[in-house]
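K.L.:
Copied straight from TrEMBL:
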SIGNAL    1-15  signal peptide
DOMAIN    62-158  domain 'Ig-like'
DOMAIN    165-260  domain 'Link'
DISULFID  CYS211-CYS232  disulfide bond
DOMAIN    266-355  domain 'Link'
DISULFID  CYS310-CYS331  disulfide bond
Amino acid sequence: LLLLLETTLLWLASGFHRPFYNGFYYNHIMNDKDNGQEKVDYFNGARLVVETPKDPVYSFNGANVTLPCHYHHEPDLEVKRKIRIKWSKLRDDYTKEQDVLVAIGKTYMAFGDFRGRAHLHRTSRHEASLIISDVRLQDDGKYRCEVIDALEDESDVVDLRLQGIVFPYQPPRGQYSLNFHEAEQVCQEQGAILATFNQLFQAWTEGLDWCNAGWLADGTVQYPIRVPRKPCGGLHLAPGIRSYGLRDQHLHRFDAFCFSSTLRGEVFYLDHPAGMTLEEAKQSCQDAGAEIARVGHLYSAWKFLGLDRCNAGWLADGSIRYPIVKPRPNCGPAEPGVRSFGFPRKGRFGVFCYKER
């Protein structure tokens, strides 16, 4: 057994096989001459520098966005070199990366959900910027731009933030009835995704105050409090994000905090003198060339399009809600927001419809 172990370690140390990564071979010889003969260049005496913007790059759902990244050598190198570029998407805690794009020379490959949407933007010799087309809600986050030149490997991070809104969500069956995977599903059904901690924190700075705990995308359970009170952690705690930490994704049950971005269409209201049942409301939207709006659609229209309607209407999940930008008598509380009447089993109301542009 000892002999076998020693033999295995010697074989691994010999470098018999090349390391393999996503269809691109990386070896210790990173540059070659024009005639195809390999030239070993272990250290060139120049320092590789990678630069990205320190401020976040903002975009929105359905847009195209460029994540800037440039590199250079100090001192500058006159010889043209074959540079490797790799883009990855990071988790908030930097513990895991999702492959986005790898490029060697003029050849590049995008991966996963970024296939067909991720491209390099190289208008100058030392540019390695990433273009993401048709931005999706899941694209929000931090991206690493990594440049590899021979044995040198340097990187920097770009923060992409989507303009959006976080809203708490409870399903028809009531409070604290969702495990983590069900929370992911209900947010998707409402035209949204589970919010990240950064998105929830941003919403808290903008005034979100909610005493019910909800799942976030990282599997933690938290809730934002602007006004401390006894049922919400106690009067002695300062305002902030209350955290239950990581919870069992199958066993524990809470609400959800969903994140939706700007819309690719419009939300409009339809009414009938006698009101409509939920099924009649769905049909009315279809007759108008639209679909019944989801909760995420209504929140986005309220925040980004200024939708203000003091008439309650059906939404796709069977809830009754209405958006108020300018509070006024007989339209709910004194603060702007999306009002909810819950999930009535009976009743006749108007309907909010959503139509893509």
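Here the Cβ of each residue, glycine as well, is placed from N, Cα and C on the backbone.
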K.L.:
If one measures from the C-alpha of CYS310 (disulfide bond) to the C-alpha of CYS232 (disulfide bond), what distance in angstrom results, rounded to a whole number?
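P.N.:
If we compare the Cα positions of CYS310 (disulfide bond) and CYS232 (disulfide bond), the gap is 30 Å.
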K.L.:
At the level of the C-alpha atoms, what whole-angstrom distance separates CYS331 (disulfide bond) and CYS211 (disulfide bond)?
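P.N.:
It is 23 Å, counting Cα to Cα.
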K.L.:
Just to confirm: which same-chain residues, 6+ apart in sequence, have a Cβ under 8 Å from the Cβ of CYS211 (disulfide bond)?
P.N.:
TYR223, ILE225, ARG229, PRO231, CYS232
K.L.:
Just how many other Cβ atoms lie inside 10 Å of the Cβ on CYS310 (disulfide bond)?
P.N.:
15
K.L.:
Here are some disulfide-bonded residues: CYS232, CYS331. Which one has the most Cβ atoms within 10 Å of its Cβ?
P.N.:
CYS232
